[in-house]
Ligand SMILES: Nc1ncnc2c1ncn2[C@@H]1O[C@H](COP(=O)(O)OP(=O)(O)OP(=O)(O)O)[C@@H](O)[C@H]1O
Ligand SMILES: [Mg+2]
């Protein structure tokens, strides 16, 4: 059973990244709460939302979990009472390169009105399909609370951090970054207000993306803060809207479309997912979730219907586990290649 004294003892060897002395000594532990297996901490740092914070976060969670904490909640706040020993060099750099005016990187956000319609599945498979067609692709799991991309792609590695740069993890030739990489197991990380946008900004500015043709962003469902932040941060970002064929889903998805249009973001088109079930034995299609929701939404927003993806699961390979990635030879893999070709055509 962890006590306050024990937690302090465990944290005291960890250095404050800006003050270069023990976290305990530097007074960065602002609050400490212990309840059964849960340890909650509020930590003050001179700079928040930085790679240094991410590293510190990983260190703290690891130490506490190794000592028996079941879950760890961390909150960070900016410290105004002290000054950093030295400015992190990352903060002095100019505009991040993939965001710069003359960057040729196309940003495509994958949005939906409702949750669970297959945004993440579509993001992952479109990214893989674009890479299979020879494009240089990055994938940002912008679902900061509900991150799922690493699990879906079977990523077990963590990004490498060198100095103040983060190197994305490569899987199926796609460079991936996700909040999942910066939390231990399922430890909750509590992001508030501006921190969210800051985290997202770090995914652009602190991550070493290299030269990319496309960056896909898997957005959280709905038209909330993150979606708005993305629209603000990436004025050039285009959008793909995912819906199921059900009338209600399509109706709700229209809101995501309206938001894109209001904020002057081009909607590349609609992906209708879970469109039908096709019998392997007879080839007959059954429209189990309704029909034509995607088509009607496309008409309503006056944008193309990019594809209709049937129900189906990828083959599960024990030796190369990626539960949501369809192989190139899978019929659904072929649907994604077709959509990727359309997207390449439309973004030429
Ligand atoms: N075409 C499909 N056929 C069968 N299952 C699918 C298909 N597309 C997605 N799924 C499954 O549906 C579930 C939801 O998909 P996914 O996580 O991609 O949705 P989401 O819109 O990202 O959800 P959330 O709103 O929670 O982020 C997953 O279990 C996924 O494997
Ligand atoms: Mg998702």
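The backbone N, Cα and C atoms fix where each Cβ goes, and this holds for glycine too.
Any TrEMBL annotation is an automated prediction that lacks curation.
Residues or ranges marked as domain 'MIP18 family-like' by TrEMBL: 4-67. The ATP binding site annotation in TrEMBL covers 113, 114, 115, 116, 117, 118, 119, 120.
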Neighbourhood of residue 116 (ATP binding site), C-beta criterion under 8 angstroms, separation at least six: 221
Least surrounded among the binding-site residues, given as 113, 115, when other CB atoms within 10 Å are counted: 115
For the domain 'MIP18 family-like' (4-67), residues assigned helix / strand / coil by DSSP: 24 helix, 17 strand, 23 coil
Among 114, 115, 117, 118, 119, 120, the binding-site residues whose C-beta sits under 6 Å from ligand 2: 119, 120
In sequence order, those binding-site residues of 113, 114, 115, 117, 119 whose CB lies under 6 Å from ligand 1: 115, 117, 119
Residues flanking the ATP site, with Cβ no more than 8 Å from the Cβ centroid of 113, 114, 115, 116, 117, 118, 119, 120 and excluding those residues themselves: 112, 221, 242
For residue 120 (ATP binding site), the three-state class that DSSP assigns: helix
